[in-house]
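Participant: Before I ask anything, here is the structure I am working with.
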Amino acid sequence: MAPKTIVEKIWEKHVVHQEKDKPDLLYIDLHLVHEVTSPQAFEGLRIHNRKVRRPDRTFATMDHNVPTRERHIIKDQISKAQMEKLKQNCEEFGIRLADINHPDQGIVHVIGPELGLTQPGKTIVCGDSHTSTHGAFGALAFGIGTSEVEHVLATQTLWQVRPKTLNVKVNGRLGKGVTAKDLILAIIAKNGVRFGTGFVIEYTGDAVRSLSMEERMTVCNMSIEAGARAGLISPDETTFEYLRGKRYAPKEEAYEQAVEEWRSLATDEGASYDATVEIDAEEIEPQVTWGTNPGMCIPVSACVPNPADVTSASAKEETERALEYMGLQADQPISSVKIDHVFIGSCTNSRLSDLRKAAEIVRGKKVNHAVQAIVVPGSHSVKAAAEAEGLDVIFKQAGFDWRDAGCSMCLAMNDDVVPPGERCASTSNRNFEGRQGNGARTHLVSPEMAAAAAIEGHFVDVRKYKTPAFN
Amino acid sequence: MEPIKVHEGLVYPLNRANVDTDQIIPKQFLKRIERQGFGQFLFYNWRFDDQGNKRVSFNLNEDKYEGASILVAGDNFGCGSSREHAPWALQDYGFKVIIAPSFADIFYSNCFKNGILPITLSGNNVESLIQRAEDENYQLVVDLENQVVKDSFGYEEGFSISSYQREMLLNGWDEIAVTLTHEAKIEQFEQNL
Ligand code: SF4
């Protein structure tokens, strides 16, 4: 048999119907739902008198709107109505819901893996572009629009064109203090924000193999920032260890059987991709974005680009506009940029290991007087686990605010907003204009870099930063 | 969904690349639970200042683009968030056709579900269309049946589109109803799970 990629294998197992000149009708194993992109889909079902085909394959939570402090008092009435609507819809259509007070509540891309809902070989969708996160487990997971949410609710399928495959091969090993976040930012900086458009990315190579599950999630999470709807990693022992014992994972003997099947999903030796790009992990330094998309990114030792050095007219204009929006000078060292806010959170970097690494940096230190810093755990259970090991105390003693789980300042739909013109070092995934608040200026970094910036008040190379973690 | 066959309309040029869906419709408007009424919030932070006054610097606020229904923009239009509120806002504002050298995947497929035709033309074509629309009151005719874009001065350019998506727009299909004609196959598939 010809060698195949994991994408081909998963695809072939999920085709329900195939016809010439049409997309394939693909079965969806797991549908995750949240409050922002679902109300109109449920309304569509009601209008046409349709049911949810597989409530047992659907799981909902509230994350985008939820307040991260005093959560029972939701001041914003429109947010409140949206959350209540989700609750009603889940009751009416018989869908499991981890609502704001539920112990399983959290960012949809944090709780799926945590509960073991996310498994290798599954097709997973959600009305959210960062669904690519679940690809870390060797699942084919991608974001969809609300019409497609309605389509999946009604039929448990989607019409999809078979995607092209792109191998992103990361050779060597990441250096000390260089994280999965720096890796994915460097990949996007090198290849641009649209090199993945039309492709599913498979991340391969030694550096990827040595990443933990949580680090793999960080990488796959940002596939969409490279334009790819999905990004995945072939499953291996790291994957199987992580899932063992998770609530919705198969149990005991069934688990061993599942592992055998999952193992066979991995891309075969010699399988071919439609395109390949390579990068050397050793070359990568801690990264900081300077502009208004995630590809506008430089190593922390570098200077902000000068539009005069940009050749194409449209790119020059884009650079100028980004510098103006960000309030930066051409050629200014990025480490000289002073920040007002630090946000540690989001589906990219809010898991227990992220919080541990950030806590390690701030332990025994104080947040700079000019900086307001918050930590927002990705889920209720991350929060509980962090508290059980005292991370909350380390953060609070350093002067961080310790919050409840949700998307929070990643997109500022709740009260956690960066004011106009102020600057935030953020562990999230998008530095678009206005993302963290109208006029807010976002710099994307790793949790370690964000923690160090909180202490110093500006960006510093975390590798030179004197902490027990690196000495 | 309303079918599109031939559309003639005024062109609005948005000479920017990587226009993300956060700009098309900012997050503060995603809290609504309706599908309608998003047009007033289209490009909100570009169109309006903090006081809610129109920014003269943003060209969509110019009188000459009032009633425009064809948007021409730079590469990678609609990148970022999967929010379908973006095509809802564009459609509600009055746009029926979007022309760009490339689109982000999720946005592209969201367009078809909402009766918006996204057309991919080469960078050179897009540049000259933007130029024309900046210089004068510029109308285009978009003929989906014959897959061409043309003006009354002799410009004519073909475009490609998948036959499935073309049919969907020409007929204004309810995709779920189409899928449900395959229900027996879905059931059969589920039995083997
Ligand atoms: S944390 Fe941010 S990127 Fe992730 S799902 Fe929430 S809003 Fe989207």
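Yeah, the Cβs are placed from backbone N, Cα and C, and that goes for glycine too.
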Participant: Need a hand: TrEMBL gives A:CYS407, A:CYS410 for [4Fe-4S] cluster, which of A:CYS347, A:CYS424 is also on that list?
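Facilitator: TrEMBL names A:CYS347 for this [4Fe-4S] cluster site.
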Participant: At a 10 A cut-off on CB-CB distances, which of the binding-site residues A:CYS347, A:CYS407, A:CYS410 has the highest count?
Facilitator: A:CYS407
Participant: Taking the center of the Cβ atoms of A:CYS347, A:CYS407, A:CYS410 at the recorded [4Fe-4S] cluster site, which other residues in this chain have a Cβ no more than 8 Å from that point?
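Facilitator: Those within range, site residues removed, are A:ASP63, A:HIS64, A:ILE107, A:HIS109, A:HIS130, A:GLY345, A:SER346, A:THR348, A:SER350, A:GLY378, A:GLY406, A:SER408, A:LEU411, A:SER428, A:ASN429.
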